[in-house]
């Protein structure tokens, strides 16, 4: 029988003074071992002795000799190694081949979690202690194991679910049980404790020292503490923060709690200690790093080594290689930053001189996890990929500039021929798939699943590429294969909706969450499937859906929001955070800052809504009091992606731009009120003098170019291409400005430079026509489509080049042209329309949607409701044709009492006059209309038919103009066609909101713009209030109709596909009156739409398009977005200011006869 050993603790097991390695943390209930020979000698060890440490090795080695380390590894149970290390790495990060010293220190701390003492301590202890015999079996049985009482603790008795208990390793459950009561008392939930159990040592540290942590880090949340503690050196990192937080909060860094926790979570204990030790050197000369830069570098695996390397190499890289400190920081601020910096120092000259890359491209490649390996692979494969596979250096750089760039480049080299030859993909599509984190895996999955998804599930190769071209594309493709049948058959989604959900970062999780929550959100919360799809179709869709399920009742019942507004907030990247911030800040912003709930929703309904709301709370008083902005202007700036940065930049640059550059605050606001407003403002500050002095532009033209999404890039491209386009291609500066003054101006200018000679020489277009096509959002895509389809449409479909140009010269020109190619035969042969009528419908913003709606509703309107095809065409040919036709169908199918008295002819005339806004305005009740009707009846008691034009004739005249193939001749031809004098025709047009100049040139404004003029001329629309005026709720409701007026594309029904053009048309409608002079107006045959003063940006402009992932181009404006599916857009736009402020300023008031004509059209 084995002898009973003494329980006197060995010196190696005694707690040492000072900080303990993770796994040997002291606890409050740790007692002192009884002396040898005591009454408890020989009994099994007390469980309290092992609660915060893992089991001891069966037998210590005599000394740390040559073979002792291998013995230690044999004794080490691999299951004890904390896998949270790998969870904390990027999902497709680079695989580093070098192990830094500090990283090895942390690996050793993981080994110490097995209760093995440090090697130096073992040398000292075992030298004075002879080797022990093999432990007795009974002693081994006393150790905690899967079969021991410690491992069999049932945590369900403490309220943990079975699933939560299974997530906790058996050997850790006793530690969880020991500290459960203390942690729960500190406010930690069961889920928090389960997460913290990933690193058992942190359980005791947090339980014992939570009060000290809150004292040192008062803003720390439970989630933040758990986020640090569950890391592989989390307990030590928290201990380090307790020691150094006070000094790091003071000069020179003055870090806040969030920054301190970020360093501790991502960089570990070594990073915290390094920041503390080197804080003065990092922020002083010659490095002069900002606190934000120090945090960025330190907040990664290997942060300590990166900080050390920055101190050594930053001066060298800046002085000898021409990099900026910002570029050096960008390279260092990733996992493996040390190795990346050293590789940039070594390879930058080679890549630039021998391979033709720019320093910026080298920095882009290096500024990712695994930058070292990516740079080396670019050096090796760039010649091969370009010469043998036909890629451009830019495409190679795009592939390499992601985590895992090395593997992606190697996979492109291997699979590009296969994917192109066997699967029909283009090199551009292969590059798009590869240019993301995890590009290697995505390419391999496309190779495996493309045939299956296309043949068995009916997807197109383009849809498969869209799904794969995101982070996590591999998983998304596999999930689409698994869930597409279920989501379509059981939940009623379309394949297109499934693709939309999957084509984002986290598409796999979003699809699974839609499967789980779609029935709940629809049945319990009243959402439509389209709204659920809209929420899910963004990065982080899973989290957004779960948050909508949780917060929708609260936001609606406690805060008065509508479900549509909640959907609008959630339907963006970061929707979860935006919803939570609205819940928290809505009362504050409304009560303390005077904003309306609608304005708060508008700010939140963008990517980065959370940060924008927090910045509005902070800067609204400053911008209004110190800089003279109005709350409306602050909201306009904030209501874009990147609103936070735009607001901060306005605060910084408004005085400079106004005082040094002569801009007005209104112009600064106009520039800032777009996605990328920060960058646009900075570029205006930098390039305004150059563009004005060297290129002859006016400040107003510079502002016009900058006042769009992508304003920075557009300004830089104008600086570069203006001389070329004017000297080599014969354009005027005004034409260049017109092209650049739209979303995607950069791409449009570059495409004009490339295609102008081709379109003019090979296709017979004039430079003016090319400029007209390019001068819209999506001009690049429209020009490329004209080049491709002009021969087809003219030869196969009988259109003229002028008609093709007319279709292309609108927002969404590309989808309109493609739809004409597809539907022209159908509409002419099956529905009896003429090619001229099809062209008239297509030649407006949203032409694609209007054509599809005519195809769908023409039989219904004609057969079931008695309208003529000419009437349908007249409604569809006025801009905003789709919503106008849908409103007519809805009224004829389910009459609204406000419109019930109108005949079909009256309804058609009203729809032609003002589209859906006119019909909606009458339904809601026109302000002042009853008094106006009475006044008119009193003053003109006898209204005879000769005093007013026949309403049917108005429809015929409008339809004639819209379908005329030569607009400039339409006026003269109309006089002949209808037997009208010049004065009579002008009088008719004036009654429908058209000026003499517009009528004579044949370029009629959209219906909603004409309706706006009619309302103002008739006195039924209030003048624009001053920015400082306020409205009572009664006033606001009285004039609600005016706030709902839309331009060409009105808010679609949530049951229909959204108009991508909606955002672009509103953007384009901003008047250059505040930012451009008359010189910006072009004399093209195709009208350049009026633009609106950016000061009064309607909140509905905040709906943004998804970004493209490759090629640098903007999304095609005709592409439907998930956001358009949300009914929230309609409600949002009901709060908008009139989108055509100033459009009717010069339109004179109606006289009494004109009022009488109008009143005869309206319900009495």
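Just so it is clear, glycine is given a Cβ too, placed from its N, Cα and C backbone atoms.
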Q: Out of 128-152, 153-177, 178-202, let me know the one Swiss-Prot marks region 'Disordered'.
A: 128-152
Q: Check each of the ranges 1021-1024, 1025-1028, 1029-1032, 1033-1036 against Swiss-Prot and return the one annotated as motif 'Nuclear localization signal NLS1'.
A: 1021-1024
Q. The repeat 'Core repeat 9' (561-594): mean pLDDT?
A. 97
(Q) Is it possible to list how many residues within the repeat 'Core repeat 11' (629-662) are helical, extended or coil according to DSSP? (A) 25 helix, 0 strand, 9 coil
Q. Other than its close neighbours in sequence, what residues sit by the repeat 'Core repeat 6' (459-492), given a CB gap under 8 Å and a spacing of at least six beyond its ends?
A. 91-92, 423-425, 429, 432-433, 435-439, 441-446, 449-450, 452-453, 498-499, 502-508, 511-512, 514-515, 518-519, 529, 1109-1110
